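One structure is given below, represented as structure tokens, and several questions about it will come after.
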């Protein structure tokens, strides 16, 4: 896809957006009066796992099979080349092939976010341009972290400003301190929110107070906050988050979409009950058992999980049983 096409092709509302386009209710979520976003990120985005064959090659046929199954769930869009996609283990050629494969299979009314964060600003710009040409609608740019001691607010603001200036597609910041050891400073987020090509942040840190402050301090900007985990999705929505990029959506996509709808409709007791049942399974496929746990759980729900790429290894039999017990105890198996 040409860069000019990426810039000018219309983005139609998704089915989910149509379902949510009801009159505002005083108990539900709403956008502040007069605040409209140039690119609406409301809804659930699963950060796709990358399927590998038994020989650890990217299995594009299995990826397409998973995409067909996800097509029945009204997600706002999909994310590729994120932490759950084993992005650091993919070769540059594979990264672009994954973006192209998903874009071909994804309906035009759904957004495709793709990770393009690298350690250097120059490499990030180059990859961002490449994923745009491959069909991504939005670049998800993780914080550089190898020299984390030097990643001050000033350094991060300069890095993201240069990336956003050069990017042909909108940029979403990505803070995932569990993987990077670096939590993007709030003052940097507030400054970057003023950039016309930076439209939001995926915050996976889980600090609800910080997330609420982000929403509050950027409310005058064209900027949206996305929860980075299903474990605190409802709490994030209550504080004004727009949507969620949640690993658990690879496994329990329909229940997460339902939670999103309940929150938007102000049905908080039902939302609370559902959120409670998602907390332990979410923890199990993220910080507890990681991507091997996520891929194993996918298989129980009709998706292809398959192996991880080394050095990530499979779960042990006791870990598999513990994972299954967690889903069963919460009524999912």
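Glycine is no exception: its Cβ is also placed from the backbone N, Cα and C atoms.
Owing to the predicted nature of the structure, the values given are computational and were not obtained by experimental measurement.
Not my notes, these are from TrEMBL:
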type     : residues : note
ACT_SITE : 174      : active site, proton donor/acceptor
ACT_SITE : 202      : active site, schiff-base intermediate with substrate
BINDING  : 245      : pyruvate binding site
SIGNAL   : 1-16     : signal peptide
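Can you tell me where each of these features sits in this structure?
In sequence order, 82, 115, 117, 140, 141, 142, 143, 201, 202, 204 constitute the residues six or more apart from residue 174 (active site, proton donor/acceptor) in its chain with CB-CB distances below 8 Å.
Using a 10 Å Cβ-Cβ cutoff, residue 202 (active site, schiff-base intermediate with substrate) registers 28 neighbours.
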